[in-house]
Amino acid sequence: MAESKSTSWADEVASPTIEKNEGNPLEEAQLDGATEPLGGGTLQDGQYEVEVKLSDIQGDETSPLYSVETFEQLGIDASILKGLYAMNFKKPSKIQEKALPLLLRNPPTNMIAQSQSGTGKTAAFVITILSRLDFSKPTTPQALCLAPSRELARQIEGVIRSIGQFVDGLTVQAAIPGAVERNAKVNAMVVVGTPGTVMDLIKRRSIDASQMKILCLDEADNMLDQQGLGDQCMRVKSMIRVEQILLFSATFPDEVYGFAQDFSPRANEIKLKRDELTVSGIKQMFMDCPNEVGKYEILVKLYGLMTIGSSIIFVKRRDTASNIAERLTKEGHKVAAVHGAFEGSERDQVLEDFRQGKAKVLITTNVLARGIDVQSVSMVINYDVPMKGRSDSEPDPETYLHRIGRTGRFGRVGVSISFVFDRKSYDALNQIANHYNIDLIKLNQDDWDETEEIVKKVIKSSRAGTNLQS
C-alpha cells in the first residue's frame, strides 16, 4: 500500500506492495451489447495477454480460425450478427478473439475461460448457446446456463434475449425460485437458472433434459467452490447428457481449478496471469478508520461522493447491511439494501430501482459481488474487507476482485475504497494487494478536501478508453 500522510498504527507496518504506474488508460473499449436497462456500456480490452491451452495437442495455433478479428470470420448466423450490431458490438474483444473460434468449432469441445470483469465473457457464451440451437424444436430445452444468484440469472436471460432479438423462434425462460409454477412445464430452448431450482425442476420432470446440448456455468468458481452449490451443479450435470460444457469466471483459485477440470474434462483453457486480473480503470484506495464505529462516520462523510454516480457498499453480514441502510435513511439519504434474507421479488425490485437510479447507493452482501452490471456504478466501498469462511480466518482475494469489478466496467473508470480499522483488517487488505501485485492509495481522513479532490478527479474523469465507433 502507498505511504500515508496521516499518522496511525498502520503507518508503522512495512508494506512490500509494488507501486504501480498510474496514467495508463485502457487501450480500447467497445460496446458490450447489454441493453440500457441492463447497464450496457463498453468492454474492457486493455493491455493484457490471453493465454490459450488447447485440449487437443493436434490443435493448430496458426490456423486462421485460431484467432479472429471480426465476427463475420466466425460464420455466425446473420440473425445473431444483426443482434450484435444492434447492440453496438463492433469487433470481438481479446477474450472473444481467442474463445469464440474454439467455442463454435465442430465437433463441440469443452472450455474453461477466465478473464477480467467486463471483457465480454457473457457475450461469448451467449453467442455459442444461440449457435448450437435446433430451431425446429422451439419448445424443447436444449441449452442450460447456471448462475449462483437469481439476479445474475435474470441478467443473463436479458443478454440472451438482446443478442437473440432477431433470431426467429428463440425462446428463453428463467428457472429461479418463484419463476415456475408447481406443475408448469419449462418449454423454452434456453433455460437460465440457479442450480437448486433447476435440479428440482428436472427431478419433477418440469424440464425435459433429454435433448440438452450445452451446459454453461457463469461465475463457475463460486459455484464449484461452495459445497451446496457445487453438489447441486454436479447433480444437474449427472441428470443431463450434453455435447459441450462451458465454465466462465473472472477468477479460478488454484484450489478450485482441479475441480473445474474434472467438471469440464478435456477442456480448452483460456486464462490470464494473476497480476493481469485487475482492471486498470479501477483506482483502488483505502481508508484507515479509527475503529469499527468510526467506519460508519467515515461512510457518512463519503456520501456526497457516492452519489456523483451510483455506489455499492459491500458488507459481510446481513444485519450490517440492514443497519447501515436504516441509519442512512433516518439521516435523510436515499439508499437501498438487498441481501439473501430478502424474498426473490423484493431483490428483483431493489436491483431494478437501483438500475433506474431511484436509489443511488446500494448496501449489500456478497450476493451481488459477482457478475451484476450496472453502468452508472462509479464507486465500490468495501465496508468490510472480504474474508473467507465464518471464522474470517484468511483474506478472500477472489471476492475482493469480484466486488471491485462492479465499477470500472465497460471501459469506464471507477473507484474502490476499502475500510481498515485494526491490524487484522489492514494485514488482510495488504495480503490481497500483494496477491494481485497492486498498490492501494491511502486516502487521508484528516484532510477531507484532499480526499474529495482525489476521488472526484477519478469519478468525473472521462472514460478509461475510447469507443470503437468506426
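Every residue, even glycine, has its Cβ placed from backbone N, Cα and C.
What you are looking at is a predicted structure, and each value in this text was computed from that prediction instead of being measured.
Pulled from Swiss-Prot, these are the features on record:
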- Ser115, Gln116, Ser117, Gly118, Thr119, Gly120, Lys121, Thr122: ATP binding site (BINDING)
- 102-270: domain 'Helicase ATP-binding' (DOMAIN)
- 281-459: domain 'Helicase C-terminal' (DOMAIN)
- 1-43: region 'Disordered' (REGION)
- 69-97: motif 'Q motif' (MOTIF)
- 218-221: motif 'DEAD box' (MOTIF)
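Each residue of the motif 'DEAD box' (218-221) gets a DSSP state, and the totals for helix, strand and coil are 2 helix, 1 strand, 1 coil. Of all the Cβ atoms in the protein chains shown, 29 others lie within 10 Å of the Cβ of Gly118 (ATP binding site).
Across the motif 'Q motif' (69-97), DSSP helix (H, G, I), strand (E, B) and coil residues number 16 helix, 0 strand, 13 coil. Summarising the environment of Lys121 (ATP binding site), the number of other Cβ atoms within 10 Å of its Cβ, over all protein chains shown, is 26.
Mapped onto three states, the DSSP output places Lys121 (ATP binding site) in helix.
Averaged across the domain 'Helicase C-terminal' (281-459), pLDDT for the predicted model comes to 91. In the three-state DSSP scheme, Ser115 (ATP binding site) falls into the coil class.
Long-range Cβ proximity for Thr122 (ATP binding site), meaning a same-chain Cβ under 8 A and a gap of 6 or more residues, is found for Ile156, Val159, Asp218, Phe248, Gly371. The Cβ neighbour count for Thr119 (ATP binding site), using a 10 Å radius over every protein chain in view, is 25.
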